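Heads up: the structure comes next, in structure tokens.
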Amino acid sequence: MYLHQFDYIFAFGLIFAFLDAWNIGANDVANSFATSVSSRSLTLKQAMIIASITEFTGALAVGARVADTIRTKVIKVDRFEEEPSILMLAMACALVGSSLYMTLATRLGLPVSTTHSIMGGVIGVGIATLGVDGVNWGFKGVSSVFAAWAIAPACAGAFGAIIFLITKYGVMKRSNPVKAALFTVPIYFAFTTGLLTMLIVWKGAATLDIDHWNAGQIVGCIFGVACGVALLISLILVPYLYRLLALDDWQLKKRDIIYGPLLFRRGPVPEKPAGYMTVRDYYEGHATANEAGVVAIASSDRSSGVYDSEKNHNTGADAVIASGSDKGVTPADSPKLDAQINPKHIDSYDGVRAPKAPIVGPWYLPKNIGIRAYRGFFHGVDVDVVNAQKEKSVLAGDLNAMHALVQRYDNRAEHTYSYLQVLTAATSSFAHGANDVSNAIGPLATIYLIWSTAELQKKTPVPLWILAFGGAAIVIGLWTYGYNIMRNLGNKLTLHSPCRGFSMELGSAVTVVMATRLALPVSTTQCITGATVGVGLCSGTWRTVNWRMVAWIYFGWFITLPCTGIIAGGLMGIILNAPQWGNAL
């Protein structure tokens, strides 16, 4: 039985749920991938392609579990059993309040929590309809979410710091960091894929028929996938990286990775052209101590594998100090750099972009309309996020001085973690899609279920098309406007590099996976920010983190819940108490 008299509520719910999910993509997903793009492990286009796949898959596979929390556990829905249509209206108002506030915040470039936003909206309408007692303030309701908001950044920061410290002292500061990095790559790949598998099979996938699996099957699946991936990486990726980094094979092509162990039988490496870069400089464009006019906090001898800014007086970026051959590493500001960048990888170098062809002929020609539409939709893909992060602002402060205090590591060892960061970015994105799609489709699911059944059902599964609807809107939001948030984060918080970005993303992913398993709608914004701060503190001292930007982000989180609550609750109160024709005084 459909409540066709309330078709307009369902229509408004669809519109504002889409807008809310669009803002999740433009704001929250951008938060997650700002780390990968800022460290130069991924280009903006690569990040968007990966996010499109993993966000959508995560929303479909695991999103229903957390959606049920947003839908039924924040307010006492049983109080609406006599008039379920009022709950429809309440969820629509919550979506209006959340989406409007998120749109404003995204336009202003303020990274806020969409979890806070929709929770504030639901709490606001709950108070407007049922009063303060109508909200589940107990630990099984809102309080558990409040607790997660406080705990999530700290946990993510701790996990990120632990992972980075293990990487820092176990790999980057070893006498031969490249060898140590090659040894740890399969281990980290196994751990990350095991984590992703755990998210899917550990009673997290409400849309998959695996609830009947026993503990042995679950553990076997997790360890089986992890060990299989470790073996695959050892046979395929490690030989390629050994040839590229340890032997400095400048003639190696990306497609040669398919040869796996056969690469060990490849002939000797010919002499490399002078100034030729086998791998890029991941610290390119970031000031060193000499350039910024400050003294670096940490320096070490040649056995540490760390840049020593005081001992090395090369012009511009300091040379990498590492045992073994350094032929594959060139100072970032070498006069030969621009001419010797490997042309096969030119797309991965920021600031090197082919000029757009001019549009010829009248604007109304179908071809020109198509070109303009394409460029308008994909405008965000062409934005140089890394360079945009260097723009001066009150919140940015002296980025050169902050970046100069951060230790620099061997670029060849950093390069190994760029591959790992692709996996951690995908894992974080999958976990994000699983957790945050509920922010938009949780209220929409309530609206649809009441509209289609005319009754209140607590345990009805979230329809698959609603999960797909939310996932698609998230992807569209990222592609069209995600760059705006990315350029306000990343290197503006602390200096990013692949090993740091990998630690940040994996620390955040661990926290989000745990929260999703416990059905806690934690803020992925808080998780990635907490992980970024934790890793930043381990990069030097407290001065290696932009605390002004951190305070601004926390301020945005603080005002989000009351703002959306006031908007949604005020709108709900006005509608419920508005004069009606024939019943007015």
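Placed from the backbone N, Cα and C atoms, the Cβ positions cover glycine too.
The region 'Disordered' annotation in TrEMBL covers 318-337. Residues or ranges marked as transmembrane segment in TrEMBL: 6-26, 47-66, 86-106, 118-139, 145-166, 178-202, 222-245, 462-482, 527-545, 551-576.
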Below 8 Å between Cβ atoms, which of the listed ranges 222-245, 462-482, 527-545, 551-576 makes the most pairs with the transmembrane segment (145-166)?
527-545
Kindly say whether the transmembrane segment (118-139) and the transmembrane segment (86-106) touch, using the definition of 3 or more Cβ pairs under 8 Å where each pair is 6 or more positions apart.
yes
Using Cβ atoms only, state whether the transmembrane segment (6-26) and the transmembrane segment (527-545) have three or more pairs under 8 Å that are 6 or more apart in sequence.
no
Compare 86-106, 222-245, 462-482 by their Cβ pairs under 8 Å to the transmembrane segment (551-576) and return the stretch that comes out on top.
86-106
Mind checking which residues of the chain, 6+ beyond the ends of the transmembrane segment (178-202), have their Cβ under 8 Å from one of its Cβ atoms?
61-62, 167, 170-171, 208, 210, 213, 218, 221-223, 225-227, 229-231, 233-234, 237-238, 241-242, 245-246, 322, 324, 410, 412-413, 416-417, 419-420, 423-424, 426-427, 430-431, 434, 502, 506, 509-510, 513, 516-517
